[in-house]
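According to Swiss-Prot, the protein carries these features:
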{"type": "BINDING", "residues": "ALA79, THR80, THR81, SER103, ALA104, ASN105, MET106", "note": "NAD(+) binding site"}
{"type": "ACT_SITE", "residues": "HIS135", "note": "active site, proton donor/acceptor"}
{"type": "BINDING", "residues": "HIS136, GLY145, THR146", "note": "(S)-2,3,4,5-tetrahydrodipicolinate binding site"}
{"type": "ACT_SITE", "residues": "LYS139", "note": "active site, proton donor"}
Amino acid sequence: MKILLIGYGAMNQRVARLAEEKNHEIVGVIVRNSEKHYPYPTFEHISEATEADVAIDFSNPELLLPLLEEDFNLPVVIATTGEKEQIIDKLKALSTDMPVFFSANMSYGVHALTKILEAAVPLLQDFDIELTEAHHNKKVDAPSGTLVKLYDVIESLRETTTPVYDRHETTEKRTQDEIGIHSIRGGTIVGEHDVLFAGTDETIEITHRAQSKDIFANGAISAAEKLVQNKNGYYTFDNL
């Protein structure tokens with residue numbers, strides 16, 4: 001498989017290393033600063049990478065969104081999480097002409113976490129829910145795209161929900177429709193996501209901890225391997 005990388009930060013550097021270990025080939029990268037030295041050819045547009053079988057994106061909305069507006073026909077695996085709604089809308093429009101894949105988190109374990117949550121929420125309607133995520137001190141967005149995805153699952157299964165991001169000025173007791181959302185940034189934490197169900201005299205906690213960023217890179221490569229075998233359409237972990 002010949003892969004075009006969109007972005008060449010820490011994540012796509014891992015994708016490159018792991019993909020080559022699996023005997024895939026990196027044909028080039030799309031980056032904002034093409035004057036910097038890279039170990040692969042640099043491109044400005046997806047359509048320029050004529051040898052590529054698939055593109056894997058770990059970048060940012062500023063780089064990605066303009067590329068998605070261009071004329072190209074190449075399967076794409078997208079992991080950028082900022083401006084999620086815009087990205088998904090554009091991918092769904094592109095999906096009539098090519099297979100596209102999107103996930104806010106490329107870990108299959110996190111996908112499993114959402115499925116566990118889908119089963120737990122209906123069983124625990126009387127429990128309060130608090131969501132917490134923790135990441136390294138270089139992560140710029142908060143809350144994480146994964147935590148937003150977990151909230152979306154809860155919102156779809158409860159009659160009313162209200163996300164609460166800050167309680168330091170609150171002087172009233174918690175309401176049952178509140179979903180507390182908390183972000184921690186520090187050190188080199190790869191990624192932790194925790195769902196706390198708090199009931200009367202008991203709590204249930206569901207946690208996913210990433211122990212290496214390789215799980216995200218391998219998840220993207222695995223998605224790409226499957227995507228190139230599929231017909232045009234919009235894919236997630238649910239249907240790939």
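Cβ from N, Cα, C; glycine included.
Look at the residue listed as 'active site, proton donor/acceptor': DSSP puts it in a strand.
Note: the Cα of THR146 ((S)-2,3,4,5-tetrahydrodipicolinate binding site) and the Cα of ALA104 (NAD(+) binding site) are spaced 6 Å from each other. If you take the CA of GLY145 ((S)-2,3,4,5-tetrahydrodipicolinate binding site) and look 10 A around it, the recorded positions you hit from THR80, ALA104, MET106, HIS135, LYS139 are THR80, ALA104.
Between the CA atoms of the residue listed as 'active site, proton donor/acceptor' and THR81 (NAD(+) binding site) there is a gap of 14 Å. Counting other Cβ atoms within 10 Å of each Cβ, the binding-site residues THR81, MET106, HIS136 show the lowest value at HIS136. DSSP classifies GLY145 ((S)-2,3,4,5-tetrahydrodipicolinate binding site) as helix under the three-state reduction. Residues ALA79, THR80, THR81, SER103, ALA104, ASN105, MET106 are recorded as binding NAD(+); their most distant pair of Cα atoms lies 11 Å apart. For the active-site residues listed here (HIS135, LYS139), the lowest count of other CB atoms within 10 A around the CB belongs to LYS139. The record gives HIS136, GLY145, THR146 for (S)-2,3,4,5-tetrahydrodipicolinate. Within 8 Å of the mean position of their Cβ atoms, the other Cβ atoms in that chain belong to THR81, ALA104, ASN105, GLU133, HIS135, LYS139, ASP141, SER144, LEU147, GLY191, HIS193. Same-chain residues with CB within 8 A of the center of the ALA79, THR80, THR81, SER103, ALA104, ASN105, MET106 CB atoms, the NAD(+) site residues themselves not counted, are ILE78, PHE102, GLY145, THR146, PHE216. Across the fold, the C-alpha of THR81 (NAD(+) binding site) and the C-alpha of the residue listed as 'active site, proton donor' stand 12 Å from each other. The binding-site residues listed here are ALA79, ALA104; among them, ALA79 has the most other Cβ atoms within 10 Å of its own Cβ.
Taking the C-alpha positions, the distance from HIS136 ((S)-2,3,4,5-tetrahydrodipicolinate binding site) to ASN105 (NAD(+) binding site) comes to 15 Å.
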